[in-house]
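In TrEMBL this protein carries:
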ACT_SITE  ASP354  active site, 4-aspartylphosphate intermediate
BINDING   ASP354, THR356  Mg(2+) binding site
BINDING   ASP354, LYS355, THR356, GLU443, PHE485, LYS508, ARG539, THR619, GLY620, ASP621, ARG736, LYS742  ATP binding site
DOMAIN    34-87  domain 'P-type ATPase N-terminal'
DOMAIN    783-963  domain 'P-type ATPase C-terminal'
TRANSMEM  60-78  transmembrane segment
TRANSMEM  238-261  transmembrane segment
TRANSMEM  289-308  transmembrane segment
TRANSMEM  759-787  transmembrane segment
TRANSMEM  816-836  transmembrane segment
TRANSMEM  866-888  transmembrane segment
TRANSMEM  903-923  transmembrane segment
TRANSMEM  930-949  transmembrane segment
Amino acid sequence: NFCSRMYLCEKRVDSRTIYVGHRPCPATEAFIPPKFCDNRIVSSKYTIWNFLPKNLFEQFRRIANFYFLIIFLVQVIVDTPTSPVTSGLPLFFVITVTAIKQGYEDWLRHKADNEVNKYPVIVLEDGRSIRKESEKIKTHYTVPDTEKDLQSLNATIECEQPQPDLYKFVGRMHIYKTDQEPAVRSLGPENLLLKGATLKNTKKIYGVAVYTGMETKMALNYQGKSQKRSAVEKSINAFLLVYLCILISKAVVCTTLKYVWQSQDGQDEPWYNEKTQKEKDTYVMFTDFLSFMVLFNFIIPVSMYVTVEMQKFLGSFFITWDKDFFDPEIQEGALVNTSDLNEELGQVEYVFTDKTGTLTQNNMEFIECCIDGFQYRNSDSMSELDGFCDKEELFLRALCLCHTVQVKEAGPDEIDSDQVDGLVSELSQPDEQRGFIASSPDEVALVKGAMKHGFTFLGLENKSMKIRNRQNNVELYDLLHVLNFDPVRRRMSVIVRSKSGETLLFCKGADSSIFPRVRQEEVDRIRMHVERNATEGYRTLCVAYKQLSPEEFAVADAGLRDARLALQDREEKLMAVYNQVETSMSLIGATAVEDRLQEEAAETMEALQGAGMKVWVLTGDKMETAKSTCYACRLFQRGTELLELTVRTLEDGGRKREERLHDLLCTVSDLTCHFEPWGVHLSLRSWSTANQEYGFIIDGATLSLVMNPSPDTNSSRYKSLFLQICQNCTAVLCCRMAPLQKAQVRQLDVFKPHFTPICIFYCLVSAVTDALLMCMLLILLFLYLYFGPQNLCFILPQFLYQFFCGYSQQPLYDAAYLTMYNICFTSMPILAFSLLEQHIAIEYLLDNATLYREIAKNAMLKWGPFLYWTVLGIFQGLLFFFGVKYLFSNPALQDNGQVFGNWSYGTIVFTVLVFTVTLKLALDTRHWTWINHFVIWGSLAFYVFFSFFWGGIIWTWHTAHTAIVYLNFLRYLFLGFC
């Protein structure tokens, strides 16, 4: 619901002020009408008005399309041997089909946008409830705190200008009441509801629209609307340039030989074709060159692009329909937003993945805890723990209080469950009539772990936290402040006050964040348990507390309030207060939580590595925990040599970290590149051999030195060495990383131009995906290699024919055949082949992941295969031309006494060409369906029917003696073959 009217005044560039209710701008400020955008979301690329020019511009960026446009214009302007229709019609067909495909995909984007923009909402405007469409919401529509205060709420909201960071929002709200001082409330990311979010655990909310439309964070993170081009398509342009050079060479040769031939006596001006005076005064060599270019222009396969576009477009439906992609839990299948990059899915070389929620299920279970050096397993019975001391009870109280968990009471028709970001899992104790709601599964696991040991969190009510202790007594604590968790400081704290008046700070976080803030003797009692749990693959957290004096709390309270109300540098000010108050704490204990692996994670990881893919795990977890998970999912094999580059290794040697870092980077780079023995100490367990596989481990602190070295060091050198090491290792683990560092690692390819991996966050799905994508890519590469030689052997007889016709630019083929060869006679069989062919059984592919290596890095689009197919096309073209010429060496006569002419000769060559190309494709087909039979034999039947129609009916309108030409040449061809 979006209600009420508000007005905006732009106070400064980096913030905006929103007036809620009917309170006008202050008298001392000038009212500035709002100039903010509406709430429309636009993810589409085209509109009705710009579709034609924009789409044409994008299509003519392709070499083949632009080339045929030039050829068409030449045919229109210059007197050429073929009609402009021969180039214009195929070009029009290609442009039209591609435009329809891209227009349809953009129409789907428009449809999705309309679903969002037309969503009905209720707006209270000038005291009246009005139902409006979502796109008509403006930044000056708001809703108040409660329904009964719709008419009386007066407030202002100051917040930052729109920016794309999803986890950052800075603002404050001033609430005005009559005869009272304005109340000020801090607004942060927890108060911001992102556009497109789905409500959970509540039926409705009230909010203020501070960002709308294309100013929302979702829209600001949109990557743009430019047409995507795959690496395969870009590499094809190089091959087309080769054919363009062949075309130019043919035109130059024919033009030169024409003038050489005409320079002979009697050849320049035969009596039947004397030049006019105008022709004698005009230099026509360039015109002749253009005419030959037009005559041979079909060596460039313009229809290849439309066939590829259709293969991608229709292939995307196959992905959508594939049952192996369907997830029965969420009742959704694969969704293809754009088909432009389908074949790139078969060229994945590097996979970037998080650990929690990707390799693991993000479903936490409390395993054990360590309190003051003593270990407590989750399986321990309550009778064994009757002797809890004060510190053990303090630890369990900390688990019950230091969190942001909410208690959800189960209704009569509801299932008791825990909910974590939409994930639902049943309670392990069915007698508890409540579930827990949390943003992180760790917090639910810890609260439930404390519950199993006798301390139960009952909920938060009016800023008061209630827990039930082991004696079944309810304890109340006033929640004063929450020091939120963030991935940089890796801890969170709460400040509470007990009924006895004690002010306590409870803190939990990573050991690297907690240990420096407690006494060293306490760390020694806990460290061994933490490291052992991490080695076993458990997620560990340390728990500490601090009793605050009234003076300490007063200083912390004032600092936190001032920092939270700041609009400028709020995070830095909050961090300073956090660091000030979270010092000199007492370490109580540590916890161990298990996050199980995804199903078939190990098998999938083995298949990926067998296929030649290199997996990089980017995680914020402790190194020992992440390493154990990598071993469990078989990312690291038992024979893999692990190379660790961490703060621990940098501290060895007694030198500065950066000096040590440079030496280690150089040494590891030499080792992984040359497989030489390693003389520098670096966590290496055995001698390296030429067949040794390496795994590389680096932590966040060391990565910061690599990415952000001191000014007097060579930063590009560090990054280059780091990238070289990672490329030569089969697996990379980056642990203790901040989100910004993950982004930096994924952008490393800009420092190495030849390093162009497809960076994706890995989602564990069936290995059928890889098999299907491999089949798709192989077929698409075959399609690319198929068109060039096909058109080469099509146009080569045209070139050879010029040696027998005095270089007169006489076409060998009829104009209708030139026009329809690519778009009618040979296009459908290869399209059906590219969609339906399964030259390798999926079952065999699943059992042999190494087959994927054969197509890595566009191996089938290298110059070797290209030259092979080109030579094959030249051989076939020579065979077609001279083979038919041999048939015509017998000067047989027709019934009327005439000999067969050039049209009969060209038609026979064309017929042999069409049948050969189509039947060769039939021989290459291994997976036959009724569609393949229909398009292959149907294409041949259509060609025969069209030839009879064109040669026997259409031509009779021009001459009565050519109706039997086609029948005669078929009979002659049959006799010749016999």
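Cβ from N, Cα, C; glycine included.
Applying an 8 A CB threshold to same-chain residues 6+ apart, the list for THR356 (Mg(2+) binding site) reads ASN362, ASP595, THR619, ASP621.
For the transmembrane segment (238-261), the partner stretch with the most Cβ pairs below 8 Å, chosen from 289-308, 816-836, 866-888, 903-923, 930-949, is 289-308. The listed stretches are 60-78, 903-923, 930-949; of these, 60-78 has the most Cβ pairs under 8 Å to the transmembrane segment (289-308).
The transmembrane segment (930-949) and the transmembrane segment (816-836) are in contact, since at least 3 Cβ pairs between them lie under 8 Å (pairs 6 or more apart in sequence). Using a 10 Å Cα-Cα cut-off from ASP354 (active site, 4-aspartylphosphate intermediate), the binding-site residues that qualify among PHE485, ARG539, GLY620, ARG736 are GLY620. Among the residues ASP354, LYS355, THR356, GLU443, PHE485, LYS508, ARG539, THR619, GLY620, ASP621, ARG736, LYS742 said to bind ATP, no two Cα atoms are farther apart than 24 Å.
Per-class residue totals from DSSP over the domain 'P-type ATPase N-terminal' (34-87), listed helix then strand then coil: 27 helix, 0 strand, 27 coil. The Cβ of ARG736 (ATP binding site) has ALA510, SER512, GLY620, ASP621, LYS622, MET623, ASP699, GLY700, ALA701 as same-chain neighbours under 8 Å, each 6 or more residues away in sequence. When pLDDT values are averaged over the domain 'P-type ATPase C-terminal' (783-963), the model yields 80. Note on GLY620 (ATP binding site): other Cβ atoms within 10 Å of its Cβ, all shown chains, come to 21.
Sequence-distant neighbours of PHE485 (ATP binding site) (same chain, 6+ apart, CB under 8 A from its CB) are SER440, ARG491, MET492, GLY509. Here ARG539 (ATP binding site) comes close to MET364, ASP442, ALA592, VAL593, GLU594, ASP595, ASP621, LYS622, THR625: these same-chain residues lie at least six apart in sequence, with C-beta atoms under 8 angstroms from its C-beta.
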